[in-house]
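Chemist: Handing you this structure, nothing more for now.
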């Protein structure tokens, strides 16, 4: 595919984009009509929208179009999993400049489509318009398979807090990239292409998770959302956190406490949940803390104290009370 | 509400936006969690995404934020109706510059919310990010209530073609605005705030419509989509079109054949459908043409001849054959 988006034209681009898609039985009617039709077997649909902007959420010199597609899809599909649902379909709203090489949106779509396949979903429809800034607006849909949605508001004092997936890897990769490094690759790749543990969301719901969210703003910030919505406090045990030796090495090299990445780094899309203390958690879940009464107000602490650091913590704002 | 989006802050803006929303029983879980949960009573969900950009799809000096919201929601909700479905919910992805007055996104949301109410739907969730260009990405969801979705591909030779809603009004309003006029108000208002005939989509499905679409690109262009998808040709009878006397007056004033607006003007979001010839159409549907065999290839004609004009026709491209 040679030339620019402008040379290919709007209908030409849409034709090329849709020709690259695979589908699933859940997509009853795919792209090309006024709307798509997607199966919703349990008479409810879970739906989430996110918008990614070039410059703010991705950089073309740091990530390939394919990786941006993987990441954009992963971010939305993780939101579905974090409700305890299985992703079914995704819709894409795309803004592309006329002078953009046509390969860019096509490789973006390959990334989106491949990430959908990882999660068991498929692209069902979308819209493409020309504009100055590359904008990727994704809506993901999912199926609860008869389960209750696991919101942020059900955590109760006495619950354990557990996490599955990666924490801090994307932040460490970002720290490397922003200092001009391109390795160690595992961390750089983690920033470019997160790997949310999709299947663990529905599994956690089946295990009785009382509250759940994906870690997009940083562990403390996202636990803060659960604390606030549930009217509880949450204490994280620093010793329970997994800080890989290589992450410690990177931290020393760039002058950052790697625990800060684990606690405040977002974008890995790990899944964190509260479970009744008696729940038998599978090996992929790591218990990292406990749910406490709200006391003077909902807050998140690390070993009993407010974590003093930059990063995702700002999103949470000051603890109440 | 004083100040800018930047002064209000991301979380402040989201709080203000969600505080303005009304809801419906179909929205089982609204904004504030990782994802929304929306009822899908017949085990399927209809979903459509559209992206609107300032400058390309709306102008702040021509339309208020409220009107942009009404129009953005209407455009998506009409896509749901044109499948024969009833709109249930809408998700909003919004890009706003930091220096934008905070009243703008709030009034936009009022418009979106009010248009949802007209269609029987509610805002279920969304995402707000800061960026340079105002971008409104909307995903609408709907329920088929057990009906077969009416696609673009089922039109058969012998069917009649009928339309409901307004045609050419938005184009006439655009012609007025682009020449600096602000009246006649009915046409200017039609451009700022279309009124899709939401209820007629499901009604047409129940009446046995074989193919259906909303008129967003222009009647001929959108009939072209049906002709191509169905492998048929469609002939429109010029004498059957409704060209109001006032539209003729405007056409004379600005030097445009008003029939051109009716045939090629988009954005009114009328609904056009093919029906079996024996279908008893209610008074709100106007028969404007017939479905023919494809002959040398699918095409749309007016009184048997290709319509020679600018506008929406370009979108369809050259007739095949």
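Cβ coordinates come from backbone N, Cα and C, glycine included.
Look at TrEMBL and you will find A:34, A:48, A:79 tagged as Mg(2+) 4 binding site. Among the features that TrEMBL reports, Mg(2+) 3 binding site is placed at A:34, A:79, A:214. Sequence annotations record features per position, and here TrEMBL assigns Mg(2+) 1 binding site to A:49, A:50, A:127. Per TrEMBL, Mg(2+) 2 binding site is recorded for A:50, A:79. Residues or ranges marked as substrate binding site by TrEMBL: A:57, A:267, A:313. Summarising the annotation, TrEMBL assigns ATP binding site to A:126, A:127, A:152, A:216. Here TrEMBL flags A:217 as Mg(2+) 5 binding site. The feature domain 'PurM-like N-terminal' is assigned by TrEMBL to A:32-142. According to TrEMBL, the feature domain 'PurM-like C-terminal' maps to A:156-272.
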Chemist: What subset of the binding-site residues A:50, A:127, A:217, A:267 has a Cβ positioned less than 8 Å from a Cβ of chain B?
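Modeler: In terms of proximity to chain B, the binding-site residues that count are A:50, A:127, given in sequence order.
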Chemist: Of the binding-site residues listed here (A:34, A:57, A:79, A:126), which is spatially closest to residue A:214 (Mg(2+) 3 binding site) when Cα positions are compared?
Modeler: A:79
Chemist: Just to be sure I understand the packing, how many Cβ atoms besides its own are within 10 Å of the Cβ of residue A:57 (substrate binding site)?
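Modeler: Residue A:57 (substrate binding site) is surrounded by 20 other Cβ atoms within 10 Å.
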Chemist: Which residue counts does DSSP give the domain 'PurM-like C-terminal' (A:156-272) for helix, strand and coil?
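Modeler: Its residues divide into 57 helix, 16 strand, 44 coil.
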Chemist: Would you count the other C-beta atoms found within 10 angstroms of the C-beta of residue A:267 (substrate binding site) for me?
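Modeler: Cβ-Cβ neighbours of residue A:267 (substrate binding site) within 10 Å number 23.
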Chemist: Nearest by CA distance to residue A:126 (ATP binding site): which of the binding-site residues is it, out of A:48, A:79, A:217, A:267?
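Modeler: So, spelling it out, the nearest of the binding-site residues is A:48.
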Chemist: As a test of reading the model: what is the averaged pLDDT for the domain 'PurM-like N-terminal' (A:32-142)?
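Modeler: Mean per-residue confidence for the domain 'PurM-like N-terminal' (A:32-142): 96 out of 100.
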Chemist: State the count of C-beta atoms found within 10 angstroms of the C-beta of residue A:214 (Mg(2+) 3 binding site), not counting that atom itself.
Modeler: 31
Chemist: Using C-alpha atoms only, work out the spacing between residue A:48 (Mg(2+) 4 binding site) and residue A:216 (ATP binding site) and round it to an integer in Å.
Modeler: 14
Chemist: ATP site residues A:126, A:127, A:152, A:216: biggest Cα-Cα distance, Å?
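Modeler: Output for ATP binders A:126, A:127, A:152, A:216: max Cα distance 31 Å.
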